[in-house]
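Participant: TrEMBL feature annotations, pasted as is:
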TRANSMEM  20-38  transmembrane segment
DOMAIN    25-535  domain 'Major facilitator superfamily (MFS) profile'
TRANSMEM  58-78  transmembrane segment
TRANSMEM  90-108  transmembrane segment
TRANSMEM  114-137  transmembrane segment
TRANSMEM  149-172  transmembrane segment
TRANSMEM  178-200  transmembrane segment
TRANSMEM  269-291  transmembrane segment
TRANSMEM  303-326  transmembrane segment
TRANSMEM  333-358  transmembrane segment
TRANSMEM  442-461  transmembrane segment
TRANSMEM  482-507  transmembrane segment
TRANSMEM  513-531  transmembrane segment
Amino acid sequence: MAEEIDGSTTLLIPKKKHAAYVYILTFFAVLGGFLFGYDTGIISGSMLLIRPYFNLDTFWTQLIVSSTVGSAAVTALIAGFMSDCLGRKIVIILGSFVFAVGAVVMGVADSQVILLVGRIIVGIGVGFASMTVPVYVAEAAPPDIRGRLVTLNQLFITIGLLAASLVAGGFSSWEDTGWRYMLGLGGVPAIFQFLGMLYLPESPRWLIDQELEATARASLVQIRGTEDVDKELLDIKETVANAKKASLDDNRLVIFRIWTTPHVRRAQIVGAFLQIFQQACGINTIIYYSASILKMGGFSVQQSIWLVAIPYSINFLATFIGLGLVDRVGRRILLLASFIGVFISLGIMATGFQLAAINSPPVHLYENDTDINTSCNTTDYRSCNDCTTNLDCGYCYSSTMDGSCLPVNSDNEAVSMLGRCNNSDISGSKYIFTYDFCPNDYGWMLVVGMGLFVTSFAPGLGPMPWTVNSEIYPLWARSTGFSVSTAVNWSFNLLVSFTFLSLMQLITKYGTFWLYGGLCVIGFIFTLIFVPETKNKTLEEMEDLFKTDDDRKLEKSKLGENKINDKKEKGNETGF
């Protein structure tokens, strides 16, 4: 069956076949979430191989991890403007292409600088996707399943994380080249998304905004699988017309209009703070440094890389809770419950680190070498925890726990520069050398804490800030408002990931996790007071949620003035 629209013929597929079309559209769009998840997950395992390969210090380690986040924060702001000018679809396609290029650069990097460049390029692709995908899906989705479809982006992030943990585990034994395959394979799904998006329609709302009504109707018919789209199209046209009229009345930059329009400013503040609290609870310390955290808890490098699959698997499965409940119980309840669970899990991990510090094995021996000047052999270091706080030192011990603090060999973290553990990596050696962690009996608490963290985070704090932000802005402010909140998300992601290792040295490992827990409490209070429920509301109804009685009175007053002005103009035109 075909219909002629403005001289062009559009193929109409029967409704039954089109019932799944919106999910096909969503699938290819949210592959951007998979890329986001894969990149953030793969860096956790790969850094355990990259760090000794390039001999990275703490600064360079944090820089390599955080560079993607920094470039994504900047790009997210640009993406809002680009998606308004070029369209949501084009920006997603551009993002997948850029990501593929970055993956290739990382895979062939022969220096830490080239690796850094690759991470920055990948961040540009992630920034495009993280801002544009939720908006594209929200604008294409029917209101009754919009929350579920936008939440699919978070599900694909968790699938990307899980895939990353399995790939990292598979290549973990390839010490010199494994990290190249880990990073380079991210380009494969990027190419798949690039090809798939070429055949998908543009957002009907964006098309109407560009005055492409015939194309918009064809797009909506294609997505909904029915010709009965006139009412929805009329609602969209009315919203776009109102937005354009408002733009004509106020031709300032959109960002200034947002901050001078009270109810939109409130929406922007709520959206931005939800993104802040999502990051401030420490999620990306779990994602970026999960393998390192487990290593600090006493697990070996290979054990740490494989154990990351446990919280990532739980994260993937728990996301289905959010998918099932987002359009039933609502966004706000899921957020509040998530804050509670995340706080408890952070407390468990903090307690695990605290108990490990309190019961840290003692330093009994002080080994010296007159030819090597070191700060490790000092009586100030009375325990393994004291010793390994200094990143130049490691703890050497045997089964009798006759511990000593020795300088680490900068070329091989598995051995010390001098003393008994100078060859501790040789098979059969009775001595063990630990760098940046201590042997303890509380590693299980970190695994449990991580598992509970992602179980609590996945249904609420993971997807809901993105879902709410894709809904709460009027059309004229949607791209800019969402890009601002996305940039805020990436900025705090950068802040948390870049300061995590430094914070653990400054206020201890357990102090850092208690700090994140305190920020969770503040986020819970903020959500309880300021975040409204958005379920089952159309995007056109959403503006009302943030309006006060004074805003409504002012609107009525302006509407009356506009009617009077319109009558005067008509009177002038007719000569009366």
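Each residue, glycine too, has its Cβ placed from N, Cα and C.
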Participant: So what's the average pLDDT for the domain 'Major facilitator superfamily (MFS) profile' (25-535)?
Facilitator: 83
Participant: Taking 3+ C-beta pairs under 8 angstroms (sequence gap of 6 or more) as contact, is the transmembrane segment (58-78) in contact with the transmembrane segment (303-326)?
Facilitator: no
Participant: Thinking of Cβ pairs under 8 Å, which stretch from 90-108, 303-326, 333-358, 442-461, 482-507 has the most of them with the transmembrane segment (513-531)?
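Facilitator: Ranking 90-108, 303-326, 333-358, 442-461, 482-507 by Cβ pairs under 8 Å to the transmembrane segment (513-531) puts 333-358 first.
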Participant: Six or more residues out from either end of the transmembrane segment (482-507), which same-chain residues have a Cβ under 8 Å from its Cβ atoms?
Facilitator: 58, 61-63, 65-66, 69-70, 72-74, 76-81, 83, 127, 130-131, 134-135, 255, 258, 268, 271-272, 274-276, 278-280, 282, 284-285, 288-289, 389, 391, 465, 469-470, 473, 515
